[in-house]
Amino acid sequence: MSLFPSLHLLLLIVMTASHTETENCEDIQNTCLVISCDSPGINGLPGKDGLDGAKGEKGEPGQGLIGLQGLPGMVGPQGSPGIPGLPGLKGQKGDSGIDPGNSLANLRSELDNIKKWLIFAQGKQVGKKLYLTNGKKMSFNGVKALCAQFQASVATPTNSRENQAIQELAGTEAFLGITDEYTEGQFVDLTGKRVRYQNWNDGEPNNADSAEHCVEILKDGKWNDIFCSSQLSAVCEFPA
């Protein structure tokens, strides 16, 4: 059988269908959308952006570069005390300490030895009093200053034993710590107390020239009022 009749028949069918479809489109142009029956045209321009879609789920953190280190923050409040630590290791044995009791006893012993030496060399002790002299002569004020320098006072006998010790130690005239320079005729010691023990020489005190306000012990142990500016031996009295 020849193929040409079949090709003619197929072409006729296609042309008939195209014609029929064109007529149908013309009939319904006023009542329906136009359907292009021709081959596709060129693509048009892009349309406007549509509305934003719904928010998507949170994505994974990106791997950006590490930023610069920030400035140090302010000092925070002081925290609560911590738990006490464990005891430390035992230290090395220290040197032996000095017993204050022994040191004080040794010091007292040395002072006693010095006192004995002073008494033997140039002093006299009677009861709780120690009398010392340097053998120099000076005014009453000079004697007071000398004795005060050594935290002592001018020798002041309160009984015959003390009076004799001062007499023997001085060996010559010496000032006593007695005066009436504040009230004439009222002899007091250097603390202002009125003296009870007295050993005046005959006719004394006589306040010659109304200016004898100090007291000296004579070689025989008797007392005599004398000028305070006189130069006599210095005898100081220390507590023993």
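Yeah, the Cβs are placed from backbone N, Cα and C, and that goes for glycine too.
As annotated by Swiss-Prot, signal peptide applies to 1-18.
Beyond its flanks by at least six residues, the domain 'Collagen-like 1' (39-61) meets no residue of its own chain at a Cβ-Cβ distance under 8 Å. Annotated domain 'Collagen-like 1' per Swiss-Prot: 39-61, in sequence order, evidence recorded as sequence analysis.
A coil conformation is recorded for Pro46 (hydroxyproline) in the three-state DSSP classification, outside any helix or strand. The hydroxyproline annotation in Swiss-Prot covers Pro46 (among others) and rests on similarity to another entry.
The region 'Disordered' annotation in Swiss-Prot covers 48-102.
Taken from Swiss-Prot, the feature compositional bias 'Basic and acidic residues' applies to 49-60.
As annotated by Swiss-Prot, domain 'Collagen-like 2' applies to 67-97, with the evidence given as sequence analysis. Helix, strand and coil counts under DSSP for the domain 'Collagen-like 2' (67-97) come to 0 helix, 0 strand, 31 coil.
Taken from Swiss-Prot, the feature hydroxyproline applies to Pro72 (among others). Listed in sequence order, the same-chain residues six or more apart from Pro72 (hydroxyproline) with CB atoms under 8 A from its CB number zero; the list is none.
Other C-beta atoms found within 10 angstroms of the C-beta of Pro81 (hydroxyproline) number 6, with every protein chain shown included. Annotated hydroxyproline per Swiss-Prot: Pro81 (among others), in sequence order, evidence recorded as similarity to another entry.
Annotated hydroxyproline per Swiss-Prot: Pro87 (among others), in sequence order.
Swiss-Prot lists 126-237 with the feature domain 'C-type lectin', giving sequence analysis as the kind of evidence.
Under the heading disulfide bond, Swiss-Prot lists Cys147-Cys236 (among others), citing similarity to another entry as support. Annotation for Cys147 (disulfide bond): same-chain Cβ neighbours under 8 Å, separated by at least 6 residues, are Ser153, Val154, Ala234, Cys236, Glu237.
Under the heading disulfide bond, Swiss-Prot lists Cys214-Cys228 (among others). In the three-state DSSP scheme, Cys228 (disulfide bond) falls into the coil class. For Cys228 (disulfide bond), the Cβ neighbour count at a 10 Å cut-off comes to 19, with all displayed protein chains included.
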Could you give the Cα-Cα distance between Pro81 (hydroxyproline) and Cys214 (disulfide bond), in whole Å? 75
DSSP on Cys214 (disulfide bond), three-state: which is it? strand
By a simple count, how many Cβ atoms lie within 10 Å of the Cβ of Pro46 (hydroxyproline), its own Cβ left out? 6
Just to verify a number: CA distance, Cys228 (disulfide bond) to Pro87 (hydroxyproline), in angstrom, no decimals. 74
Tell me whether Cys236 (disulfide bond) sits in a helix, a strand or coil according to DSSP. strand
